[in-house]
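S.K.: Dropping the structure in here first, questions after.
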Amino acid sequence: MSRPQRISVLGATGSIGLSTLDVVQRHPDRYEAFALTGFSRLAELEALCLRHRPVYAVVPEQAAAIALQGSLAAAGIRTRVLFGEQALCEVASAPEVDMVMAAIVGAAGLPSTLAAVEAGKRVLLANKEALVMSGALFMQAVKRSGAVLLPIDSEHNAIFQSLPRNYADGLERVGVRRILLTASGGPFRETPLEQLASVTPEQACAHPNWSMGRKISVDSASMMNKGLELIEACWLFDAQPSQVEVVIHPQSVIHSMVDYVDGSVIAQLGNPDMRTPISYAMAWPERIDSGVSPLDMFAVGRLDFQRPDEQRFPCLRLASQAAETGGSAPAMLNAANEVAVAAFLERRIRFSDIAVIIEDVLNREAVTAVESLDQVLAADRRARSVAGQWLTRHAG
């Protein structure tokens with residue numbers, strides 16, 4: 001290798017970004033940070049810039065950029081600080097960049113992720129909303145540009161590892177019967193149904209196995225996360241919703257499975273640590289040390305599986321329906337969920353209201369065809385508006 005590969009980490013201060021930079025730091029001969037971006041944790045971004053000395057840093061606003069530029073200059077760091085969405089797209093698509101970690105949470109990450117794809121980069125996709133919102137457009141851009149798209153979600157990474165290399169020829173053609181998408185069931189898997197309305201944001205964010213941000217923790221608690229992953233799996237692996245089955249697996253040791261027509265089931269197992277799928281995607285088709293401890297099968301002891309309870313997890317049903325409907329439905333589902341989760345974290349609504357808001361939006365808004373990014377973003381805006389109207393009527 002003549003030089004280290006340059007990586008832009010979009011969402012560097014989040015859990016995925018920090019895990020990515022941990023892998024970068026373990027392999028300075030292989031990787032170096034080209035650009036780091038942050039949204040609200042600007043002190044953390046400054047610390048990361050001091051440690052990794054990227055060429056660029058990106059923040060949301062000009063005032064923050066001026067402040068960070070001054071701090072870094074005073075420390076003798078020559079990182080150039082940019083601001084705004086256009087800057088995100090620029091560092092995602094810059095000619096010097098070899099790979100992009102797309103880890104900005106939610107719809108906000110779509111434009112920069114798409115910019116990386118259109119520039120033909122190796123894209124490490126942690127932003128599931130990009131595929132949920134604009135699946136057909138996104139995958140068309142991948143094929144058109146020749147980008148290498150590698151999934152970072154532990155489940156999709158596990159599926160990728162468990163499929164044959166020629167899966168793009170068609171799942172049935174390569175002998176796949178179905179994809180088994182595992183889910184921990186979150187912190188409320190066994191909570192009495194009558195208590196779900198009164199659970200707190202703190203309880204929802206206390207995931208039993210994974211360390212995650214607040215939004216994705218709530219999505220895991222409602223199993224909307226798994227619903228979004230079902231939609232993502234359909235686009236990544238050219239599967240029909242009927243070919244993807246969600247299985248609750250409380251230990252989070254099996255990260256997903258592929259069931260073949262000959263009766264074989266191939267699975268990927270490992271400790272629940274995002275550095276495993278991140279390092280796999282960074283080094284693919286090679287493998288490198290991720291810093292993750294080996295899996296102790298004797299300590300695991302047993303593996304349990306359950307069917308999801310639709311009464312307990314209505315968000316999973318809504319996501320499955322959106323996947324079947326297609327068009328703008330997944331984008332509206334995602335937008336309504338983002339609004340509802342934010343309101344729950346602000347204690348404006350109950351946990352059980354999240355699914356109510358999403359269903360209200362899907363019932364009120366007509367599904368349209370999606371043929372451009374503008375149409376995707378328009379559907380997103382409409383859904384957010386309808387969800388906001390629900391909050392105005394019902395929330396504090």
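Note that Cβ sites are derived from N, Cα and C of the backbone, with glycine treated the same way.
Checked Swiss-Prot, it gives:
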| type | residues | note |
| --- | --- | --- |
| BINDING | THR13, GLY14, SER15, ILE16, ASN127, GLU129, GLY213 | NADPH binding site |
| BINDING | LYS128, SER154, GLU155, SER184, HIS207, SER220, ASN225, LYS226, GLU229 | 1-deoxy-D-xylulose 5-phosphate binding site |
| BINDING | ASP153, GLU155, GLU229 | Mn(2+) binding site |
S.K.: Inside 8 A of the center formed by the CB atoms of ASP153, GLU155, GLU229, which other residues of the chain have their CB, for the recorded Mn(2+) site?
M.R.: LYS128, PRO151, SER154, HIS156, ASN157, ILE159, LEU181, ASN225, LYS226, GLU232, ALA233, SER256
S.K.: Have a look at the binding-site residues (THR13, ASN127) and report the one with the fewest Cβ neighbours inside 10 Å.
M.R.: THR13
S.K.: Between SER15 (NADPH binding site) and ASP153 (Mn(2+) binding site), what C-alpha distance do you get in Å?
M.R.: 12
S.K.: For THR13 (NADPH binding site), just give me the three-state DSSP call.
M.R.: coil
S.K.: On a count of neighbouring CB atoms within 10 A, which of the binding-site residues GLU129, ASP153, GLU155 is highest?
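M.R.: Max Cβ neighbours within 10 Å, all protein chains included: GLU155.
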S.K.: Select the closest residue to GLU129 (NADPH binding site) from the following binding-site residues, measuring between CA atoms: ASP153, GLU155, GLU229.
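M.R.: That would be GLU229, nearest by Cα distance.
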S.K.: Out of the binding-site residues listed (GLY14, ILE16, ASP153, GLY213), which are within 10 Å of LYS128 (1-deoxy-D-xylulose 5-phosphate binding site), Cα to Cα?
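M.R.: Candidates kept after distance check: ASP153.
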